[in-house]
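Student: So TrEMBL has the following annotated:
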DOMAIN    329-390  domain 'MIR'
DOMAIN    401-458  domain 'MIR'
DOMAIN    464-520  domain 'MIR'
REGION    1-25  region 'Disordered'
TRANSMEM  89-115  transmembrane segment
TRANSMEM  135-158  transmembrane segment
TRANSMEM  165-181  transmembrane segment
TRANSMEM  187-205  transmembrane segment
TRANSMEM  277-299  transmembrane segment
TRANSMEM  607-625  transmembrane segment
TRANSMEM  645-663  transmembrane segment
TRANSMEM  675-694  transmembrane segment
Amino acid sequence: MMATDRDNDTIDPVSEVRHQGDGESSREYIIVESRSDPYRVKPFSVNMEVDLMQLNLFIVALVSRFWMIEHPKAVVFDELHFNRFAGMYMNRVFFFDVHPPLGKLLIAGCAYLAGFDGLFKFEKIGQEYMSNVPIWHLRALPAMLGSLTVPVTYQIIVEMGLSRYAASLAAFLIIFDNAMLTQSRFVLMEGILVFFISISILCLLKFRKQNQRELRISSMTWLALLGISIAATMSVKYIGVFTGLLALGVVLRDNWSLVSDKSLTEKDLLKLCSARAACLIMLPCLLYMTVFGLHLGILTKAGPHDDIMTSAFQASLEGGLAAITKGQPLEISYGSQVTLRSTHGKPCWIHSHNHVYPVRYSDNRGSSHQQQVTCYTFKDVNNWWIVKHPSRNSLVVDEPREPVQDGDIVQLVHGMSSRGLNSHDVAAPLTPQCQEVSCYIDYNISTPAQNLWRVEIVNANTEGEVWHTIKSHVRLIHVNTTAALKLTGRQLPEWGFNQYEVAADRDTHQDLTIWNVEEHRYTRSPDEEGGTTEMTQAEMIPLHPTQLSFWQKFLELQVKMLTSQLDAPQDHKYSSEPTEWPLMDYNVAYWLDKDSNAQIHLIGNPVIWFSCVLGVFFYLGLIVFYMLRRQRLCFDVPEGEWQRFLFTGVVFLSGYFFNYLPYCLMDTKLFLHNYLPAVYFKILSTVAVLDHLYHIAR
């Protein structure tokens, strides 16, 4: 039967007519394909392709990271710090660390979900965990992220256009590198950091495969994911910033090629550049600050690291200094009793005691033999000073009170010895280019007291002209010599009780010349005995607690994190130099069982590490060789392969040097685990050069 036109309207367009039989007996059959044909595009469906090699490698990684993960049930190396930080998060106690808080927040999140109460005291490496510590859950996050790094690495090699054999090799090397494995099995940061680095590189490659000339959903999605992963990377450790710079450099390089595209209008270019700036600069910065907002929002109580922060920061925390300073008088008046703390230097207070400078120093220079003035790192009754009006003898606060203002001349009288803060043209004990600072002793000789100081409020534009407790940052300028009271940071010898040197420096515009009043009370007793009693027993005048905005806390914490490494001790039994890392000259002992002598050491796989060092040098040599040959118009490899080889070097080799060379410029304590992000890129570089050699050899 023949189909009519109407009938044909209802028949699937891919149907066909077939004939069966001969002559008159032949029949026509209409063959109609099913609408459920498996090769048709179906709405509301997802087609999924599974790479079995990638899946199997991921399973192997999971087994290697999670097998017996609770062993040993004891504190292993820096688990001491990170588990302690997790406990502080649980109790909302402020702590200080030189690295950003995302990794620690993730660990604390796992601890919270596992019901950890934070009461276990992490005291030393090797300490046995009690049953209330969810050690499996704490170690599970680094183990999972370390396992996920393997399939992500596989996909990076594939997205780079290399073979799946190369991808399998790269993933295999990540699985079986001892150092990568060790860092992923314990509560440590490098496994988390390397995962976010790998995600950043994958998102970068995915974004480059999108249409660069248009703002489509797919391209914007990968661009936003790239920004998020960069933020996560630099929020775990600051070395992650260099991965962000690498990604930004690659995107800028691609953008530069779009500038010469005349099919794009200026408006189109502006849109493309704005989208990239928003996702790769603004978004990471916003997320980075969000991480710190969460960190500071949780840690609201005073803790053991408070004294690293300024007085204002400490006073904003519950308990601790806040309990002491709450209710203090706000305005410094003549007759006020104060302690003066270094605002930006080491946490210490101007201090004096009944000991004098030696007549001669070790270098045979002479001193004034006056009463010592130092900076003391502990709270002490000898830290108290009385702000005195230079033309009055009164050492108490008279009514009506007269506040001290910016530019006023004052004398500072030591509360316990009643001697005035003095300076003169005598070299300081350890910093001879500065003047000595002392408490003046009248030896009945011709040297008069020079004890007048001008109050210079550095932040008067925000805090006002009146000298305020805690928040006013002041310089004390010596009237006779125009030198500023300064913490030099140098430690005095035994005659100075190993306290820190205070001097007067004519170069006044330095952070170390800035001080603030931390503790403050009004003196009421006119007699010396009563004034001494008030030093420790004065009642506070009611005042609202100190409040700091998020920006003030955030900026102060950033400065402290970036500068505190300079003050860190340089010697450690297992510290090492960056030049010793590539060939693994040293390892790090992580744990020792005193009963069985079983040990855990951080050490890389020698075969992988040594061969990857050769791989990096061979890659660099090949690039130089090809460039010289191409300069001679000898094109040894096709243009497409050359561009792939060059771009692979830009990403992988740059990633290696970006994560390695900065450590060579750091003057601080470093360990072998700092090298692991560079090791990751070193492995990728070696696999890439092997794949290239295989490709050109075929």
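Backbone N, Cα and C atoms are what each Cβ position is placed from, and that goes for glycine too.
Curation does not apply to TrEMBL; its annotations are automatic.
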Student: Looking at 135-158, 187-205, 277-299, 645-663, which one has the highest count of Cβ pairs under 8 angstroms to the transmembrane segment (165-181)?
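Tutor: Selected stretch: 135-158, with the most Cβ pairs under 8 Å.
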Student: Cβ under 8 Å to the transmembrane segment (607-625), counting only same-chain residues 6 or more beyond its ends: which ones?
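Tutor: Residues packing against the transmembrane segment (607-625) from afar: 173, 176-177, 582-584, 645-646, 649, 653, 656, 679, 682-683, 685-690, 692.
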Student: Give the one range among 89-115, 187-205, 645-663 whose Cβ atoms make the most pairs under 8 Å with those of the transmembrane segment (135-158).
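Tutor: By Cβ pairs under 8 Å, 187-205 leads among 89-115, 187-205, 645-663.
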Student: Mind tallying the domain 'MIR' (401-458) by DSSP state, helix then strand then coil?
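Tutor: The counts are 0 helix, 26 strand, 32 coil.
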